[in-house]
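The following features are taken from TrEMBL:
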DOMAIN    86-335  domain 'Nucleoside phosphorylase'
BINDING   ARG126, ARG170, MET171, GLY172, THR173  phosphate binding site
BINDING   GLN250, ARG252  substrate binding site
Amino acid sequence: MTTKCSKDIEKDVCELKAMVKSQNKRIDELIKHIKDGCNPEEPQELESTLGNMNPYIECLNPDILYHLNLDTVTTDFPKVFGDVRFVCLGGTESRMEKFANYIMKEIGLKMSQSVQLKNISAEGHRYALYKVGPVLCASHGIGGPSISIVLHELIKLVFHAKCQDPVFFRMGTSGGITVEPGTVVITSEALDGQLRPVHEVVVQTQPQLRPTTLDQDLAKTLRSLSNPCGDGYDTVLGKTLCTNDFYEGQSRLDGAFCDYTPEKKMAFLEKLSQSGVVNIEMESTAFASLTSQANIRAAVVCVTLLNRMEGDQIDAPPARLKDYDTRPQILIARYIRKAMYGEPPAEDSSYTCDCSGDQN
Ligand code: R2B
Ligand code: URA
């Protein structure tokens, strides 16, 4: 056994002192880091990228998103939803559940076979909400009032979660003006029942006209992701008429009431066509105005179920309607894949559906 000479001991002591000194320095750095983290001058966390938000929201503790059955005290929004980059809305719960399962495959996320996707808002009994990695999928029901409620709450959700530049999509169905049934329409401009590019909101008895601005670059990018030859159907950019009613509002002859003639109906549809309108649906103006108010990039992608120049009733066979329903989903999935991975559309991205009937 060798004994250490006093010189070696001195060296060890010296090294130990240096180690302790360096550790103390590291501890000081960590303490400073923790302190700086609490300093509002130097925020460590990213802030929400949304604009024009209601200033009173900050005072709400908790903020209860009643229809989504969520609140900011029992759910840690930044932790649970902070990674959301895409918010996809569609009319029915079943469409959005199918889309959630589809997008999961498309973006390569896997879930164990025994686990089912959970509808986060099931207990709210109004809307369905699924989260698939960075994609939120929500149902919105029919019409402006219904989509407006869920959008207020989804916009607050991404605000509280401090999501960075989330993109919103509405995927839906519509009636076509002159275009072949099954055509996919990306809305260039959303018009209300008076053909104005506005969404009217009555606040304390006063009508306010809010612009229905949609992101033109996003619309063009979506259009560029279509492949008419490969897809077997057209994808077009055009104006969308948004009505508050499916029957008289869309100039149908098959509602419970009708006080105009078939000639007047056709004259109206011709006028739409001449104004550049290619489809009619019921949520685009509310969707466009609420998203643009919050500076959110957004797009409306709807398939046409019929050509309104040829009739009013939706009489295509269920299997065809199911196939139509998948078309906006395929396009939006291509966009999401490309945004996430920079990939072109997958060869296998055609979506085989079951036939359980869902066409809102
Ligand atoms: C399209 O289809 C629904 C009406 O059947 C409505 O939600 C819309 O915009
Ligand atoms: N949705 C509508 O709002 N109108 C149609 O004609 C078809 C679907």
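Cβ coordinates come from backbone N, Cα and C, glycine included.
Because TrEMBL annotations are produced automatically, they should be read as predictions rather than curated entries.
Features per TrEMBL, on structure.
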| residue | record | DSSP (3 states) |
| --- | --- | --- |
| ARG126 | phosphate binding site | coil |
| ARG170 | phosphate binding site | strand |
| GLN250 | substrate binding site | helix |
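Proximity of the binding-site residues ARG170, MET171, GLY172, THR173, GLN250 to ligand 1, judged by a Cβ distance under 6 angstroms to any of its atoms, singles out GLY172, THR173 in sequence order. Distance between Cα atoms for ARG126 (phosphate binding site) and GLN250 (substrate binding site): 26 Å, as a whole number. Per Cα geometry, THR173 is the residue among the binding-site residues ARG170, MET171, GLY172, THR173 nearest to ARG252 (substrate binding site). Taking ARG126, ARG170, THR173 as the candidate binding-site residues, the subset whose CB lies under 6 angstroms from any atom of ligand 2 consists of THR173. Model confidence over the domain 'Nucleoside phosphorylase' (86-335) stands at 97, taken as the mean pLDDT rounded to a whole number. If you check the binding-site residues ARG170, MET171, GLY172, THR173 against GLN250 (substrate binding site), none has a Cα inside 10 Å of its Cα.
Cβ neighbour count for MET171 (phosphate binding site) (all protein chains, 10 Å cutoff from its Cβ): 27. For the phosphate site, whose binding residues are given in the record as ARG126, ARG170, MET171, GLY172, THR173, the maximum C-alpha distance rounds to 20 Å. Local packing around the Cβ, expressed as the count of other Cβ atoms within 10 angstroms, is greatest for ARG170 among the binding-site residues ARG126, ARG170, ARG252.
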